[in-house]
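Novice: I am attaching a structure below and will ask some questions about it afterwards.
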Amino acid sequence: MNENLKFTVIKLMFDFTQLFALVVNPAHGWAVDSTSVYWQVLTFSRWNYIVTNLLGYKAYVAILYTMTGMLCCALALCMWIAYAYKNRSFAYTWPIYVLRLYATIHFGLFDIATLTLIQVSYDCQFLGSGKSNRGHMYTFPDKVCYKPPHIIPFVVGLTTQVVFVIAAVIFFTGEFEVNPISRRFTCCAHSHVEVRAFLLKVTMTVVYVIIGWLQVQTAIQAFLCLALTWVFFKNMPYMFAVINHIRVGSYLAVTWTAVLAVAIMFKPKDPDQVPIYEKRITNVMLYGLAPIGLLGFGASFLRLYTWSQFVRKRFKEAPSGSKVKDIYRFKDPIEVEIISRVARYWIDDEVLDLDRVKEAEAIIKAGLVLFPTRAFMIMLYSNFLWDVLDNPQAGYSQLQAAKKANPNYMERFAIYRREQEHLARTAQTKGNGESTLDLVSYVEFQRNYRLAMRAHREALVATRNFWQYLLQQHITFTHLSKSLKAIESAIVKADKVYRTVLERYPYSAKMIKGYARFLEGVKNDPWRASKFYTEAEKLEAEREEEAAALELEGLDGDDSRLLNKVDERVNAVIIINSRGQIQMANKLAYAMFGYNKGELEGKNVAMLMPLPFSQRHNGYIKRHITTGRETVMNRVTDLVALHKDRYVFPFRLAVSKVSGAGDDSLFMGVIMGVEPPTDTANVYILSGGSVAAVDQAFVDWFGHTVEDYLGHPVHTLAVDPVPFKRLVEEVTRHDQPNDEGVCPVFLGAKHVLIKHKYTDPVDVSLRLKATGLGTETIYRVEMRRNQPPVELVLTNRKGRIAFITSPLARALGHTPRSLRKVDIGELLPQPFGAMHAAWIREAAESKPSPHSCRSGVTMVLGPTPKTQQTVRLSIKSTDESGEQQHVVKVSPSTLAEGLDERRLRLTIDTSGTVTDVGQSPNSLFGFKPSALLGRSLADCVDVLHAAARSASAAAGLAPGSTGP
């Protein structure tokens with residue numbers, strides 16, 4: 001027989017026999033042979049009678065002190081184990097086994113027997129025994145409870161009884177199973193039933209000892225037995241249904257016996273009829289035990305079967321969109337847990353029936369809707385996610401929500417057990433808290449990091465306040481002493497926080513660096529700080545190697561990891577509440593969306609979304625909380641987001657619920673950027689043809705922002721609106737995309753002129769695609785240039801930049817936002833940057849010089865050598881907007897071209913004849929450089945021309961000739 005089954009059978013048998021022996025007191029008049037073997041076996045747990053009949057008073061006192069000593073040892077072991085848990089260090093494991101053995105014997109198997117044995121010490125016939133017997137021990141009548149030698153055992157017995165009951169309650173509180181698919185026979189889903197049952201049993205034993213009026217005693221015990229039966233019949237705490245049925249049957253049999261014990265107390269007045277009456281009641285009791293027990297078993301079985309089948313049928317047949325209260329209204333979370341055991345059906349030894357698992361999940365979610373603030377309900381869902389759906393991250397997040405739902409002490413203990421499992425699980429991996437973590441651990445790390453940073457900041461503030469006080473003219477010793485104490489207290493607190501957090505995250509380079517800065521800047525310990533700096537550098541090097549290895553293996557392309565892991569090095573992370581308000585965003589999120597630190601917290605996340613999603617996002621959240629319907633939850637979705645500069649960009653999003661329930665829910669979005677194609681620009685339109693958003697490439701290509709066209713018909717973008725109008729007609733005719741998400745394309749839109757805000761229209765081709773989420777569809781008009789792109793800068797009359805294309809801004813080491821309203825002279829190398837302000841004032845009043853940037857010559861753009869670009873400018877000044885503006889087209893050039901524009905390069909032979917010329921413009925010296933080919937260099941260089949004439953004159957005087 002299986003050991004688990006053996007223990008279960010023994011426990012059920014002992015539980016019944018102890019209660020039966022407590023109710024069936026031979027003094028009541030039961031016609032039983034107390035010397036028979038059957039009776040001895042049935043009532044062997046009556047240890048108090050064994051002490052009375054076989055042992056004396058001294059032996060009992062020795063047993064009492066021994067039991068008290070064992071209880072004290074058990075409490076000491078409990079304290080040692082608690083200390084070991086706190087320090088997470090177990091030098092020995094035997095105390096755990098010893099404590100478990102003691103608890104199993106005295107609390108689990110022989111609870112009533114132990115109680116009755118201790119109660120012998122204070123069974124002093126308080127009520128119903130007459131004045132002559134009051135105060136004397138019932139078992140040892142010659143001993144008076146309030147006088148020596150029994151006064152000490154009396155006090156010890158009472159104290160031991162109280163401590164034993166408290167310890168047993170704690171034991172039963174922990175005797176539950178958090179795993180809803182446990183295969184242990186005695187696994188209990190909710191321990192409060194066992195606690196109530198134990199307290200009822202304690203009350204029965206106390207009534208047995210305290211109350212001497214037998215009729216009152218038996219009546220109270222009958223009521224308590226009935227209450228015990230009802231507790232198990234109603235709550236059914238055991239996951240194995242048959243255990244509940246057996247318990248109900250056995251307790252109903254004991255209740256039957258207790259009721260007949262009341263009846264047997266009302267004996268007939270005729271003394272001759274008393275034995276017959278007692279015999280008759282005894283036979284009715286004995287022969288009725290089995291039928292009554294079977295009746296209780298059958299009633300419990302039928303109740304659970306018919307109830308569960310009815311509830312399951314209601315959920316299966318419920319129309320889509322039905323409210324939970326219209327399907328079935330559970331009275332409390334206990335009922336939800338009982339019905340959710342439908343998931344405990346195995347196809348084979350290890351595989352659950354998935355259909356039943358889905359049924360159980362629907363039932364539990366319905367319970368969450370009915371009881372969103374009940375800690376037990378949230379814990380039930382957490383356990384289901386953890387063990388049945390194998391999603392410990394989501395389960396742990398629900399556990400954190402349960403902690404905020406005002407759990408009672410039993411529920412707090414259950415939460416503690418689950419948290420210990422989570423810590424053991426995360427301790428098995430070398431997690432650093434910053435990257436490659438599950439979602440919940442990431443949030444936990446961020447909270448701990450912020451806690452450490454806050455303590456660090458408090459220590460710095462305390463130090464700053466001290467030095468500021470020293471700068472004052474009037475200094476008191478009292479205030480100075482308080483400041484020093486504040487510094488010491490803050491440093492001790494910060495050091496303790498850092499040590500605690502580093503125990504949790506010993507491989508976090510970020511946390512170790514923070515502690516190193518604390519040691520260096522606050523505790524003035526550079527030697528220890530250098531050790532931590534070295535350790536952090538080693539960890540960072542290891543992380544870089546791991547990231548490189550992942551990239552080489554191609555694992556970084558797996559989008560599904562966004563659902564299970566968070567890598568803060570490459571992922572933006574945003575956490576929102578049930579109202580859509582942003583609670584936390586990391587640095588990458590701020591950088592990705594273009595906001596400064598602190599600008600997102602407290603704002604609605606809809607501000608990061610284009611139309612129509614921004615208007616409906618709060619409704620999505622509310623619908624998920626109310627109905628559990630998932631639109632983007634627990635999946636990777638390709639979407640577009642809205643930048644601070646009002647353009648959209650593509651990204652991949654994974655959303656998971658990290659904590660809370662109902663209105664206390666918190667959701668985490670893990671965002672991975674997607675590099676957009678460089679050869680396309682996009683306009684997003686609604687089904688009616690109005691513009692909803694544009695991307696950065698559209699802004700660069702055409703100079704327009706979304707504000708210029710938001711809500712306008714898309715055909716207003718084009719010089720000729722006909723192609724766009726026909727596209728909108730196609731959208732109206734084919735409102736739904738095909739299987740590939742592509743709408744029918746108007747093939748004639750190969751050449752469309754799109755208006756440019758500052759210069760000539762741009763020739764593009766069009767293609768229409770559908771994108772969106774759920775029932776919301778938005779259409780993307782994809783544009784491809786039919787000519788090379790042109791980089792552009794727009795300045796006002798003072799040279800302040802009003803617009804710049806993003807590729808050019810990035811090439812110069814900036815972003816379009818950072819360059820807005822910046823003087824363009826700051827983008828020029830010195831000294832030209834300082835001189836540019838005067839030049840631009842004269843630009844409209846004078847013609848450009850041959851070597852001016854306005855003449856189109858090659859120039860250098862960029863203030864530093866790293867950002868300098870060799871370009872050629874084409875500048876056009878206009879005042880169409882009512883204010884003078886300069887439109888600067890920037891095209892690439894080369895250093896060689898720039899030099900040719902400023903010099904004439906010639907190649908000559910030994911006789912001075914030009915054999916090759918460069919590409920210099922005609923305007924450089926006023927003639928074509930090619931005209932010099934084959935001619936003497938002296939023809940164009942005046943100095944050389946004079947020298948040549950001198951040489952010719954000298955050559956004309958022959959030797960021996962005479963002058964005139």
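Cβ coordinates come from backbone N, Cα and C, glycine included.
According to TrEMBL:
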type	residues	note
DOMAIN	558-610	domain 'PAS'
DOMAIN	906-945	domain 'PAS'
TRANSMEM	62-85	transmembrane segment
TRANSMEM	97-122	transmembrane segment
TRANSMEM	151-172	transmembrane segment
TRANSMEM	219-236	transmembrane segment
TRANSMEM	248-266	transmembrane segment
TRANSMEM	286-306	transmembrane segment
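Describe the structural surroundings of these features, if you would.
Specialist: Applying DSSP to the domain 'PAS' (906-945) sorts its residues as follows: 14 helix, 9 strand, 17 coil.
Beyond its flanks by at least six residues, the transmembrane segment (62-85) meets 51, 55, 91, 95-96, 98-99, 102-103, 114, 117-118, 120-121, 153, 156-157, 159-160, 163-164, 167, 420 of its own chain at Cβ-Cβ distances under 8 Å.
Panel annotation: around the transmembrane segment (97-122), residues 10-11, 14, 18-19, 22, 45-48, 51, 60, 63-64, 67, 70, 74, 77-78, 81, 137-139, 145, 150, 153-154, 156-158, 160-161, 164, 167-168, 171-172, 175, 198, 201-202, 204-206, 208-209 of the same chain, lying at least six beyond its termini, place a Cβ under 8 Å from a Cβ of the stretch.
Residues 229, 232-233, 236, 241, 244-246, 248-253, 256-257, 260, 338 of the same chain, all 6+ positions outside the transmembrane segment (286-306), place their C-beta atoms under 8 angstroms from a C-beta of that stretch.
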Novice: In the predicted model, what is the mean pLDDT computed over the domain 'PAS' (906-945)?
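Specialist: That stretch averages a pLDDT of 78.
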